[in-house]
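Visitor: First the structure, then my questions, so here it is.
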Amino acid sequence: MEILLAFLVGGLAAVGVYLMLRPHLIQFLIGFLVLGNAANLLIFTAGRLGSQFPPLVQPSGAVLEPYANPLPQALILTAIVIGFALAAFGIVLFYRAQQALGTLNAETILEAPDVSPAPSPVDELPTEGVRR
Amino acid sequence: MSWLLVLPLLVPLTTGILCLVLPGRTAQRVLGLAGALGLLAAGLALLAQVQRQGIQAVQIGNWPAPFGITFVADHLSALMVLISGVVAVAVALFALAENDQAREGLGYYALGHLLLFGVNGAFLTGDLFNLYVWFEVLLLASFVLMILGGSKAQLAGGVKYFAVSLLSSILFLVAVGLLYGATGALNMADLALRVERVHPGLLTALSMLFLVAFGLKAAVFPFFFWLPASYPAPPAMISALFAGLLTKVGVYALIRVFTLIFTHDTGFTHSLILWVAGFTLLLGALMALAQGELRRLLSFQLVSHIGYMLMGLGILTPLALAGSVFYALNHMIVIAALFLLAGLLQRLQGTTVLVRMGGLYGPYPWLAVLFLLPGLSLAGLPPFSGFWAKYTLVAAGLQAGQYGIVAVALLVGLLTLLSMGLVFAEVFWKKAPEGARAAPGGLGGRVLPVGLLAVLTLAIGLWAEPLLSLSQAAARELLEPAGYIQAVLGVSR
Amino acid sequence: MNTLILKTTSRFLFTLLLLLSVFLLLRGHNEPGGGFIGALVAVGAYALFALAHGVSAARKLLPLPPLRLVGWGLLVALLSALPALLLGRPLMTGQWFSLLGVKLGTPILFDIGVYLTVFGALLSAIFGLEEAAHHPSEDA
């Protein structure tokens, strides 16, 4: 089972990285979500599957058998919530960026005229406005 | 006295919440300053407490370590909290004078204090996963601050900043998950005890994940490209806060994990950090020289000088670590002052493009002095705080026989001086170019915070002993984690 | 999307979903549920209503602007953390007491804070997007 999940994590990570490398920012965001799922599954697997490591021991020493380790689940839950908040913010941010900049192509945003590097002092005085 | 430890968290959180709840702008402005002053006071009290009674630890929710979340304050944490309070006060004063009604209406003060909440949480937490959560708190606040007001440049910068932050967050999460899988612990003190049982190769691989994740946040070579692309975008009252605090959280995290947890193979990991430090120093300084816009130039200076902090971590002797800590504290003050000053200059001339600035020495000679104080401190000239920070690092490097990095450090000091001299010549010395704004607006109270920070760097330079001895105490604690572990777990190694 | 069917059903679903969200919030006391998931359901209710009747109609059903709700939620969560501090225990230590046989404590207060915070934050994002989609000129 661990092997299977390891491959799944690897596959998800590959898909996520591929999407994050695409120029379109929505693809980037989807890639982030997929990669986030890969990370969550990874934590889940790293925390040992099944209930062979009982986390709760009663004061008498008796082991509470059918319980799995809750900590990875708590971590994943936190990570999911945070990823959710980041994704929600990202959608709003990209929407606004689309409206203001007219594009969601990462390469075009880099070359947007009014955010490009200002001319160096040795250059000719520019005629166009670069003022922020 | 457990409340003293959580005070640097409660003060900004309460301030931020009240700013959200209270509608009036006046109330928010008063609260913004009061909260920053309160944070400064809390930082002072915490440092005094740590100085008197040693490392402080509190178990949140009364769940004993290593099961619950621990907050720990040693000298390093307390000093970082204190200086973040200083930066907060300066920025709050600047924002009050700036009187940016649109951004204040959008919740500038609330977001600023939530950012401080996240930053101080990251400084104080003793739990690795909790550190991840604090990173996200400060990131979310910084995302909104970055695009607050929604100008085109801000949105373009915000997209880049957001994208890179997402990547580093995931890497951090993966690293924490794998470390948990290998050790079964998340409490940093507990981790320090347990990593001995982990295969050293695996541990080195994990440490590299952390180096990349925190390196992205701290903007070190080769991960610094995003910082100059985004930090110049927001107005000075936001970018100064970012420049002073955010990268330092990454540096703090690096110092913490690479002194407490990953010390099994310093020959590899810390040598690598030294290389990273060297390239960061050199490339940042060279790129800064190539910039024609003041805030981008300062951003590259910011990147470059992160290298100094890593240099001390890479050398890993008591003196070198003390130098790192001292440098981080000094740099927070100096770079915040310079970013605020860039805001002043932009107000005076309507631009921060160097070719179109000039002639300010005549009407504003005192402003030139105000620039030179932090500028020369950044370059590491005596009698400013930057001199002692660099001096300590160079001395430590020579002691440890790391001549290569010392040479780079000295060269970069020279390049920084050159860069600051260039700015001085362009902005103050040369004649105002044709079409430059002739009748500048008034500066008003905006000068006060810059002046305070500038005087502070001079004062630390003239009386370096107290801060230096505190930094040395911090370094001693970092190199002997037994005290830290004892304070958190109640057992010694 | 303002069809008659959606408009009619959204009124019923709105109430039902809000009830479900409160149920989930209280259930989180001892069983799966809690403030976060409850708030998500409540946001779903408001989002559905906004889809059917427009954002301004949905806004009228809110006691406070969404971002103000975030502030109040955080305040409630903060208040739940403080009693322990006043009693000399570490921050956020759960304090419990009984009221008419019902066991109450600071964790439920914290959950309500989470509920309000998540609700306000998400709703402001959704309303912002909806309004921007209908009046793009306002944001440009």
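Glycine residues also receive a Cβ, built from the backbone N, Cα and C atoms like all the rest.
Since the structure is predicted, the reported quantities are computational estimates derived from the model, not experimental observations.
These came from TrEMBL, pasted as-is:
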DOMAIN    B:126-414  domain 'NADH:quinone oxidoreductase/Mrp antiporter transmembrane'
TRANSMEM  B:29-48  transmembrane segment
TRANSMEM  B:79-97  transmembrane segment
TRANSMEM  B:106-125  transmembrane segment
TRANSMEM  B:131-149  transmembrane segment
TRANSMEM  B:161-182  transmembrane segment
TRANSMEM  B:202-227  transmembrane segment
TRANSMEM  B:239-262  transmembrane segment
TRANSMEM  B:302-321  transmembrane segment
TRANSMEM  B:327-345  transmembrane segment
TRANSMEM  B:366-389  transmembrane segment
TRANSMEM  B:401-425  transmembrane segment
TRANSMEM  B:446-464  transmembrane segment
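On this model, are these features tucked inside or out on the surface, and what's nearby?
Guide: With a cut-off of 8 Å between Cβ atoms, the residues of this chain six or more beyond the transmembrane segment (B:79-97) that come close are 8, 12, 29, 32-33, 35-37, 39-44, 46-47, 73, 104, 108-109, 112, 116, 119-120, 123-124, 236-237, 240-241, 244-245, 248, 252, 325, 328-329, 332-333, 336-337, 340, 343, 444-446, 448-450, 452-453, 456, 470-471, 474.
Here the transmembrane segment (B:131-149) has Cβ contacts under 8 Å with residues 100, 102-103, 106-108, 111-112, 114-115, 117-119, 121-122, 125, 155, 157-158, 161-162, 165, 169, 172-173, 176, 217, 230, 233-235, 238, 241-242, 246, 249, 253 of the same chain, all six or more residues outside its ends.
Under 8 Å from some Cβ of the transmembrane segment (B:161-182) lie the Cβ atoms of residues 128-129, 132, 135-136, 139, 142-143, 146, 191, 198, 202-203, 206, 209-210, 212-214, 216-217, 223, 226, 229-230, all in the same chain and six or more residues away from its ends.
Long-range Cβ contacts of the transmembrane segment (B:202-227) within its own chain (Cβ-Cβ under 8 Å, at least 6 residues beyond either end) map to 135, 160-161, 163-165, 167-169, 171-172, 174-175, 178-179, 182, 195, 246-251, 253-254, 257-258, 261-262, 264-265, 268-269, 272-273, 276-277, 279-280, 283-284, 299, 302-303, 306-307, 310.
When Cβ-Cβ distances below 8 Å are used as the criterion, the transmembrane segment (B:239-262) is approached by residues 76, 80, 84, 87-88, 90-91, 94, 112, 115-116, 119, 122-123, 128, 131, 135, 138, 142, 145-146, 188-189, 191-192, 195, 203-204, 206-207, 210-211, 214-219, 227, 231-233, 269-270, 273, 295, 298-299, 302, 306, 309-310, 313, 316, 321, 324-325, 328, 331-333, 335-336, 338-340, 342-343, 478-479, 481, 484 of the same chain, each at least six residues removed from its ends.
Long-range contacts of the transmembrane segment (B:302-321) within its own chain (CB-CB distance under 8 A, at least 6 residues past either end) are made by residues 218-221, 224, 227-228, 231, 243, 247, 251, 254-255, 258-259, 266, 270-285, 287-288, 327-328, 331, 335, 378, 389-390, 392-393, 395-397, 399-400, 402, 405, 409, 412, 416, 472, 474-476, 478-479.
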Visitor: What parts of the chain pack near the transmembrane segment (B:401-425), using Cβ distances under 8 Å and only residues at least 6 beyond its ends?
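Guide: That would be 274, 277-278, 281-282, 284-286, 288-289, 294, 297, 301, 304-305, 307-308, 311, 314-315, 354, 368, 371-372, 375-376, 378-381, 390, 393-394.
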Visitor: At a C-beta cut-off of under 8 Å, are there same-chain residues at least 6 beyond the transmembrane segment (B:327-345) that contact it? List them, or none.
Guide: 79-80, 83-84, 86-87, 90-91, 94, 98, 235-237, 239-241, 243-245, 248, 251-252, 294-295, 298, 301-302, 305, 308-309, 312, 352, 357, 360, 367, 370-371, 373-375, 377-378, 385-386, 388-390, 392-393, 427, 443, 446-447, 449-450, 453-454, 456-457, 460, 467, 471
Visitor: Do any residues of this chain, six or more beyond the ends of the transmembrane segment (B:366-389), have a C-beta under 8 angstroms from a C-beta of it, and if so which?
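Guide: Those are 301, 305, 308, 323, 326-327, 330-331, 333-335, 337-338, 341, 344, 348, 360, 413, 416-417, 420, 423-424, 427-428, 447, 450-451, 453-458, 460-462, 464, 467-468, in sequence order.
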